[in-house]
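For reference, the structure is listed below as structure tokens.
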Amino acid sequence: MNSWDAGLAGLLVGTMGVSLLANALVLLCLLHSADIRRQAPALFTLNLTCGNLLCTVLNMPLTLAGVVAQRQPAGDRLCRLAAFLDTFLATNSMLSMAALSIDRWVAVVFPLSYRAKMRLRDAALMVAYTWLHALAFPAAALALSWLGFHQLYASCTLCSRRPDERLRFAVFTGAFHALSFLLSFVVLCCTYLKVLKVARFHCKRIDVITMQTLVLLVDIHPSVRERCLEEQKRRRQRATKKISTFIGTFLVCFAPYVITRLVELSSSVPIGSHWGVLSKCLAYSKAASDPFVYSLLRHQYRKSCKEILNRILHRRSLHSSGLTGDSHSQNILPVSE
């Protein structure tokens, strides 16, 4: 195994470790906090988190074995199962992110009617649709025997080895990525750009009120005025940074792999095996970044993490104090006797 393969294997191991820990922490927060579970986005987050964990536990290790061994890492049946899951989980992840963006759009654009428009039942229906949509393409690929080990990506995924099926497979691959990656990307852009427009409108209103207040308060200290203006600037940038993160991580992680899959259909453009595996690793890295982008950096999840940590530390302190008390009593008993 050369240095490139060793580096890609190390990248996969790091991605697996971060993804496993971060998604498990999100799952613990969901189980711990009843306030988070009562909200409709919790279903989308749960769906996304479980999919990321399945990908981390089942698909990433097989790809790691494929990179190390430079061949199919398992039997045909297991590889077809992994390829089915790979296609399903990738589509489900993209559609879950689109569902989260729709939820944010409804919450920001229709704040007064949000609870009526986005109930738990509505969220459950959206999750059911993502599952049906995500199952359709791997089921069709399984029926057409288009699931197996792909040497270019060192993973079990969509592939076709028969030259006479090249055109049909190209049409299927194009339709798959158009109705998964492209559809989700369009939904993300449309919803988050509308959210950004509303956020900027509210920021302008707040800025006008702030400036009017600063004009009226003639005796205000210059440092207070500067802090107000700095907060005003941070407020304008905050929404832009968040939305850029949502759309940017989606593109950085999925676009190289999708473009490589589409370019691969053209025999005139050669693709290096290292780039193929790297693009697959970038797609896997979305499972490691999702917990931070959509969950762990939010106030409710940070609060839940602190509560879990405090409970663990409290139990340890009680356990240690109990052990100290027992040892102290054991030391006293012989003296009393």
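Cβ atoms here come from the backbone N, Cα and C positions, even for glycine.
It should be emphasised that the depicted structure is a prediction, and the values quoted were computed from it without experimental measurement.
Among the features that TrEMBL reports, domain 'G-protein coupled receptors family 1 profile' is placed at 22-294. Taken from TrEMBL, the feature transmembrane segment applies to 6-31, 43-69, 81-102, 123-149, 169-195, 243-263.
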Folded-back contacts onto the transmembrane segment (169-195), same chain, C-beta under 8 angstroms, at least six residues removed: 87, 90-91, 94-95, 97-98, 101-102, 104-105, 108-109, 133-134, 137, 140-141, 144, 146, 158, 160, 239, 243, 246-247, 250-251, 254-255, 258, 261-262, 265
Tertiary contacts of the transmembrane segment (243-263) (same chain, 6+ residues out, Cβ under 8 Å): 90, 94, 97, 101, 158, 173-174, 177, 181, 184-185, 188-189, 192-193, 195-196, 269, 271, 275-276, 278-280, 282-283, 285-286, 289, 293
Other parts of the chain folded back onto the transmembrane segment (43-69), taken as Cβ under 8 Å at six or more residues beyond its ends: 1, 5, 8-9, 12-13, 15-16, 19-20, 23-24, 26-27, 30, 78-79, 82, 85-86, 89-90, 92-93, 96-97, 99-100, 103, 120, 123-124, 126-127, 130, 149, 153-156, 277, 280, 284, 286-287, 290-291, 294-295
Distal contacts, the transmembrane segment (123-149) - CB-CB under 8 A, six or more residues away: 40-41, 43-44, 47, 66, 72-73, 76, 79-80, 83-85, 87-89, 91-92, 95-96, 99, 102-103, 155-161, 165, 168-169, 172, 176, 179-180
